[in-house]
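In TrEMBL this protein carries:
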TRANSMEM  7-25  transmembrane segment
TRANSMEM  31-51  transmembrane segment
TRANSMEM  63-85  transmembrane segment
TRANSMEM  147-167  transmembrane segment
TRANSMEM  208-227  transmembrane segment
TRANSMEM  232-252  transmembrane segment
TRANSMEM  258-279  transmembrane segment
Amino acid sequence: MLVTKSAVRITLIIVILISFLYFFWMVHNALYPFIIGLFLAYLLNPAVCYLERKNVGRLWAIIAVYIILFGVVIVGGSKLLALFIKELQSFALDLPFMIENINKLLTQMQSQYQNSTLPYYLRIAIDNNLLLLENEMQEFMGQVVNFIIKIISHSIGLAISPILAFYLLHDWYKIKSEILALLPSGWRAELILFFRDVDKVLGGIIRGQLLVASIIGVFVTIGLYLLQVKFALIIGILAALFDIIPYFGPIIGASPAVMLAILESPWLTIKVILLFFIIQQIEGNIIHPKIIGENIGLHPLSVIFVVFVGGEVAGIIGMLLGVPVAAIGKVLIRHIVKVLL
């Protein structure tokens, strides 16, 4: 069987890509500032390009975008930070009482469960599933805590990310040209189309999902304030962060609010559950289709599958990156098939 030059070239490229990915994975802790810088530059580039189309020089466009961005962060962030710290202090004071109330509630529920007339086999099944759920939740919460600690530990390095993003934005076209110059001339046209498709899909997912999550965070915070639920801002921020994870994120984000409501009253619990149900209906039927639309290009079952796989492989980060990686993989396969056939 003859081995064609194109097959050798494809194999060589795949080996080089795998080698690069392995190298980056080995040193990924040192690359966090650069990854965040690239991510920030990618998010801000459309705004810079928009100003360029309005005949603003690229350097001045970048400066203008940075001034607006930091202005919003400083003005809005200072007020939110004051509220956040106030709620955090209140949470720290209330935490011992909440733990005590949760223990009382669990003891009461356990007593009612033990005195119930459920068949023995059903009890065993329930006990096993509850134990499994408890272990899974402990593992997941451990991953969340480790994720937060990792972000805090890298905060000093991440402080230089905006500076790196500035240089990336300034040399955006130059970097693109140099990358394209490294590509084989025969494949250049197809690879340009591939990168365009990836940009369309990835941009739609990342920018869209961040916008959707922000809107949901605002809705949750306002809704909980109106219902007079404690720590509305903290829960709203958590709901926004977890909303980035498809399907499972909103459920996880709603859990703290529901738990707090259970400790208050059954009527408040119903109100909180209803609030999150309404918000999820608005997100699923109006906000998500309008902002993200069909950019993902993946079947809902595929999305659930890649979220599970991502979580198994890399925890929280894997759940966040599962959908973008799968979407890029789909685009890559489509272009490889196009080239080979």
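Each residue, glycine too, has its Cβ placed from N, Cα and C.
Automated prediction, rather than curation, is the source of TrEMBL annotations.
Counting residues 6+ beyond its ends, the transmembrane segment (31-51) has Cβ neighbours under 8 Å at 24, 58, 60-62, 64-65, 69, 154, 157-158, 160-165, 168-169, 172, 203, 206-207, 210 in the same chain. Note: the stretches the transmembrane segment (258-279) and the transmembrane segment (63-85) are not in contact (fewer than 3 CB pairs below 8 A, sequence gap of 6 or more).
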